[in-house]
Amino acid sequence: MRRKLAAGNWKMNGLRAALAEAEAITAAAAADGPEVLLCPPATLLAPMAAQAEGTALQIGGQYCHPAPSGAHTGHVSAPMLRDAGASYVIVGHSERRQDDGERDADVRAQTLAAWQAGLTAIVCVGETEAERDAANTLAIIGGQLAGSIPDTATGANLVVAYEPVWAIGTGRVPSVDQIGEVHDFIRARLEQRFGEGVGRSVRLLYGGSVKPGIAAEIFAVSNVDGALVGGASLKAADFTGIIAALG
């Protein structure tokens with residue numbers, strides 16, 4: 001059975017004082033419950049990992065450069081994330097695809113780098129509002145899955161997050177039928193490409209304005225194994241409510 005996962009993406013938010021929120025979230029992370037992951041900005045990764053040592057809380061990065069080191073000013077590599085205490089890294093988030101021009105090939109290279117460093121990659125896919133309105137959602141996501149995920153995927157090194165771009169930070173949420181259609185499609189594509197064993201073991205997260213009040217309804221949808229949470233993960237009261245709905 002796939003273990004549920006609540007992943008919090010803090011994005012470019014949080015100074016050292018925010019470690020108090022992470023400590024409060026730690027109390028909701030239990031070895032026999034849903035897995036709980038926080039992905040803080042790079043400046044907080046090491047202190048948050050140190051604070052979480054000996055607990056069930058997992059720590060992750062928000063991006064990694066494909067190269068392990070080198071003359072890449074301002075970037076962070078997968079080995080650096082691992083060295084700082086990360087066990088996961090988000091790759092291909094829609095904000096990086098849009099703001100930084102990342103393509104599927106870039107996401108694929110980052111995923112390989114993450115695996116080589118011993119990190120589990122959370123590969124993000126999703127359509128824009130224009131693509132959904134044009135009825136191209138599944139075609140877009142199918143292309144992203146094919147282009148972004150390397151051939152050596154396993155249930156241990158890969159998590160896929162579906163994030164409808166038009167729902168991120170807007171308060172808009174797709175219907176449960178829309179979420180279910182996409183998650184079932186992703187599951188089928190993974191099984192088709194990697195076989196039933198791997199395809200059924202990869203966890204699928206929903207990400208797009210997830211809030212405590214609607215979390216239970218989303219988590220009841222077929223093939224939704226958890227959530228990639230943005231703003232609601234910044235406050236322990238909100239994120240622990242989502243974790244409780246998952247557990």
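Heads up, the Cβ atoms here are built off N, Cα and C, so glycines get one too.
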Candidates GLY54, GLY61, GLY155, GLY169, the one Swiss-Prot lists with ASN9, TRP10, LYS11, SER209, GLY230, GLY231 as binding substrate: GLY169
Nearest-integer angstrom distance between the alpha carbons (Cα) of HIS93 (active site, electrophile) and GLU163 (active site, proton acceptor): 8
Additional residues surrounding substrate, by Cβ distance to the ASN9, TRP10, LYS11, GLY169, SER209, GLY230, GLY231 centre under 8 Å: ASN13, ILE168, VAL229, ALA232, SER233, LEU234
DSSP state at GLY231 (substrate binding site), helix/strand/coil: helix
